[in-house]
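A.B. asks: Per TrEMBL, the features are:
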- 1-14: compositional bias 'Polar residues' (COMPBIAS)
- 1-40: region 'Disordered' (REGION)
- 15-24: compositional bias 'Basic and acidic residues' (COMPBIAS)
- 21-65: domain 'BZIP' (DOMAIN)
- 96-265: domain 'DOG1' (DOMAIN)
Amino acid sequence: SEGNRKGPTSSSEQEGPKTPDPKTLRRLAQNREAARKSRLRKKAYVQQLESSRIRLTQLEQELQRARTQGMFLGGGNIIGGDQGLPVGINNISPDAALFDMEYTRWLEEHHRLMCELRAAIQEHLPENELRIFVDNCLAHLDQVMNLKSMVAKTDVFHLVSGMWKTPAERCFMWMGGFRPSDLIKVILNQIEPLTEQQIMGICALQQSTQEAEEALTQGLEALNQSVSDIITSDSLSCPPNMTNYMGQMAVAINKLSTIEGFVRQ
């Protein structure tokens, strides 16, 4: 019996490795193709990040030149401001004017990427290929966040005013953008059907977002009240005490500088 048990083993060892069946070959081919596409996605993503880095570097250089030269980079003439600062023909700072131009370019690229993504969805491409388009869109959104961060440092009031948006969009502006909870409401009905776990996740996200918005809103209201109390104080009465006046205005300006922090949050 031992000989019979060993017999098949020895004969199979002498036969050598068997040729993989078609199903195994197909799976191996799919794995190789998935690996190839993964490498291509990584390469495209790295290139996108590098392009964004170069563009941001160029933008920073343009902003620096604008500050140094004291001129509006949109082709307008310079008009002296009340504080002796250069302003453009639309009464906005050079940094704000440059932001408006870059945002216009960003919108054009955003429209192109959205068209590509919609076309890819309509073609029912595999999920791993759709991921390339989604990653490109996310990287592009990072660019506009970086643009906002840069202008928030130099002219946060231009960002909060929303003058770079269309008139209809300005009706919904909130601290330099739209309320994230409102955006969730808009897209929720556009991404059905969802699993129960996905619905619970979105509801939790919406609740946490609303709580954060409420905290920021209360903080901004407290800031507005604080600044209002300062500028209506006795030191600003007529005739004013200039020493107290300058001190109180310095306090008010320092408080207003915290708006950048609200925008970033």
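Each Cβ is built from the backbone N, Cα and C atoms, and glycine gets one as well.
Remember, TrEMBL labels are computer predictions, not curated facts.
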A.B. asks: Within the same chain, where does the domain 'BZIP' (21-65) have neighbours whose Cβ lies under 8 angstroms from its own Cβ atoms, ignoring anything closer than 6 residues to its ends? I mean 6 or more beyond.
C.D. replies: 73, 94-95, 98, 102, 128-129, 131-132, 135-136, 139, 142-143, 146-147, 150, 154
A.B. asks: Averaged across the domain 'BZIP' (21-65), what pLDDT does the model get? Just tell me the whole number, please.
C.D. replies: 78
